[in-house]
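Enquirer: According to TrEMBL, the protein has these features:
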type     : residues : note
DOMAIN   : 86-511   : domain 'Major facilitator superfamily (MFS) profile'
TRANSMEM : 12-31    : transmembrane segment
TRANSMEM : 140-160  : transmembrane segment
TRANSMEM : 167-185  : transmembrane segment
TRANSMEM : 191-213  : transmembrane segment
TRANSMEM : 225-247  : transmembrane segment
TRANSMEM : 253-272  : transmembrane segment
TRANSMEM : 340-358  : transmembrane segment
Amino acid sequence: MKFENVLADINGFGKFQIMIIVISFIGRFTLPCHFMLNNFIAAVPSHHCDISSLDDGGIFRNLSQAERLVVSIPVQEDGTPSSCQMFTEPQYHLLLNPSNVTDLPTVSCQNGWVYDNTTFKSTLTSQWDLVCDRRGKNKATATIFFIGVMFGAMTFGSLSDRFGRRIMLLVSYVSGMLFAVASAFSSSYVMFAVLRFFTGFCITGIVIVSSVLSVEWVDVEHRKLVGVIDSLSWTFGNTGFAAIAYFVNDWRWLIVSVTSPLILAIVTWRWMPESARWLIANGKLEQAQVYLKKCATMNGTEELIHTLKTETLATIVVTEKRDRTYSYLDLIRTPKMRKLALRTGILWFCVAITFYGISFNITGFGLNIYLTQFTYAVIELPAKISVYYLLDKIGRRCTEVGSLLLAGVCLGINIAVPKDTSVVRTVVAVIGKGFSSASFGTVVLYSSELYPTVVRQNGMGYNSFMARLGVAVAPLILLLDDVWKELPQVVLCLTASLGAIVARTLSETRNRCLAETIEDIEQQW
């Protein structure tokens with residue numbers, strides 16, 4: 001007997017399942033905000049050296065601010081004032097002849113920097129002067145966060161398979177909120193970096209646990225709808241984030257603002273059920289019976305409650321011991337599980353590199369940072385809506401393969417399109433972003449359906465680890481333009497193509513029951 005048979009009897013997509021989706025949606029809103037947070041909190045405002053030390057009490061004091069900059073700050077090749085250099089003493093002759101700057105002595109900024117606060121009231125950059133020779137520390141904050149996400153994915157995947165989905169979701173909510181809020185009140189760069197690592201570590205449990213919990217409670221017919229809704233929560237969060245960032249331009253309060261939805265998520269957690277699949281797979285039949293009866297009651301199928309006996313539930317999983325503990329090692333113990341883990345790991349790595357590589361590399365809009373953030377989010381909407389229809393029309397595998405191939409085609413086209421046709425390149429890049437977004441939306445649902453219940457969270461944790469590894473690698477790929485201007489596009493194109501090839505080797509899961517045990521996987525073709 002399969003768990004899907006039980007779900008079919010008590011309605012596998014009713015008010016009970018909608019409640020789970022809504023609760024998950026609330027908690028997931030904060031995730032894209034934190035993932036894209038560095039776009040705003042680590043933004044680099046226009047800045048120049050603090051020139052107050054050059055005030056000699058005479059002529060300098062009588063100059064306007066613009067004239068003070070002329071005699072104090074050297075001009076770069078593009079005509080803008082230098083951000084990192086200043087003259088050793090005021091060069092008053094530049095007021096008469098600004099071009100006469102040959103061999104004038106300059107030094108690095110001696111007394112800090114002055115920042116343009118027009119767009120941002122405060123950022124990490126202005127807080128701790130993360131510019132010039134310290135700009136690497138500014139970029140490192142994003143890397144540190146994603147390293148935390150990477151290890152958190154592995155940890156929460158394993159822990160939720162061991163201790164249950166529901167309790168680990170609460171742990172992720174509470175710990176993620178505490179570390180995030182604490183980071184907003186950091187008194188030093190080191191303190192902030194450490195707290196951002198743990199924020200990433202804890203907050204990733206939300207997406208790892210909630211996505212699997214949602215899929216495990218719905219019937220086969222509605223799994224793709226749940227997958228698309230989960231994916232749309234990311235788009236919705238990114239869109240809302242642009243508005244929040246526009247009105248909250250202080251980095252500390254921006255962190256607090258995007259973390260605050262977790263308070264509501266914690267309040268609504270009390271109504272989140274444990275996964276009945278997980279309870280049955282781990283021999284906790286009485287608890288599974290309680291939740292299944294709640295599901296039947298909410299979905300209006302009370303007349304079938306009498307069929308939900310522990311003896312009936314005991315027949316669902318009979319091929320493996322229920323009291324054994326599963327770990328990441330179970331992903332590689334048996335031949336077919338080993339192949340599955342290898343293929344999905346490579347696929348997630350390729351999808352992440354393609355998606356974030358394109359996202360980091362889209363230029364030419366000429367929009368401000370808030371409108372750009374909003375545009376990037378809106379681009380994903382039609383792609384994900386298309387995925388909803390394609391998942392059942394052509395299947396999970398074809399959707400994943402097709403979206404990656406088309407993303408690769410767009411990357412390939414941009415290699416050939418001349419640099420001076422910026423409009424064409426931007427349009428092609430936007431289309432590529434849409435296809436890469438579709439591939440990301442598909443792979444989450446597809447992978448959760450490929451893994452058996454007993455190691456599904458371990459599998460998703462491992463896949464998320466590989467995706468975050470891809471996120472960390474994507475910016476490094478973009479640095480390859482120092483070798484050849486088009487090399488990043490070539491690498492991204494090849495990566496998307498590799499992902500499509502690997503996805504083609506996976507089995508289709510459309511309209512199929514979820515595997516419950518590792519033996520189910522080993523018995524497949």
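Cβ coordinates are placed from backbone N, Cα and C, and glycine is handled just like the others.
TrEMBL labels come from automatic prediction, so no person has curated them.
Just so it is clear, the model here is predicted, and its values are computed rather than measured.
Relative to the rest of the structure, where do these features sit?
Expert: Taken as a whole, the domain 'Major facilitator superfamily (MFS) profile' (86-511) shows an average pLDDT of 83 in this prediction.
Remote same-chain residues near the transmembrane segment (167-185) are listed as 27, 30, 34, 156, 159-160, 192, 195-196, 198-199, 201-206, 208-210, 213, 251-253, 255-256, 259, 262-263, 265-266, 269, 272 (criterion: CB distance under 8 Å, separation of at least six residues from the stretch ends).
Through the fold, the transmembrane segment (191-213) approaches residues 20, 24, 27-28, 30-31, 34, 124, 140-141, 144-153, 155-157, 160, 165-166, 168-169, 171-173, 175-176, 179-180, 182-183, 227, 230, 265, 272, 275, 444, 448, 456-457, 460-461, 464, 468 of its own chain, all at least 6 residues removed from its boundaries and within a Cβ separation under 8 Å.
Here the transmembrane segment (253-272) has long-range neighbours at 19-20, 22-24, 26-27, 29-30, 33-34, 37, 40-41, 166, 169-170, 173-174, 176-177, 180-181, 183-184, 206, 213, 241, 244-245, meaning same-chain residues at least 6 beyond its ends whose C-beta is under 8 angstroms from one of its own.
Sequence-distant neighbours of the transmembrane segment (340-358) (same chain, 6+ residues past either end, Cβ-Cβ under 8 Å): 331-332, 400, 404, 407-408, 411, 429, 432-433, 436-437, 439-440, 443, 447, 450-451, 459, 462-464, 466-471, 473-475, 477-478, 488, 492, 495-496, 498-499, 502-503, 505-506, 521.
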Enquirer: By Cβ distance under 8 Å, which residues at least 6 away from the ends of the transmembrane segment (140-160) in the same chain are close to it?
Expert: 34-35, 37-38, 42, 124, 168-169, 171-172, 192-193, 196-205, 208-209, 212, 327-328, 457-462, 464-465, 467-469, 471-472
Enquirer: Looking only at residues six or more beyond either end of the transmembrane segment (12-31), which have a C-beta under 8 A from one in the stretch?
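Expert: Result: 4, 169, 173, 176, 203, 206-207, 210-211, 213-214, 217-222, 225-226, 229-230, 233-234, 236-237, 240, 258-259, 261-262, 264-265, 268-269, 271-273, 294-295, 298-301.
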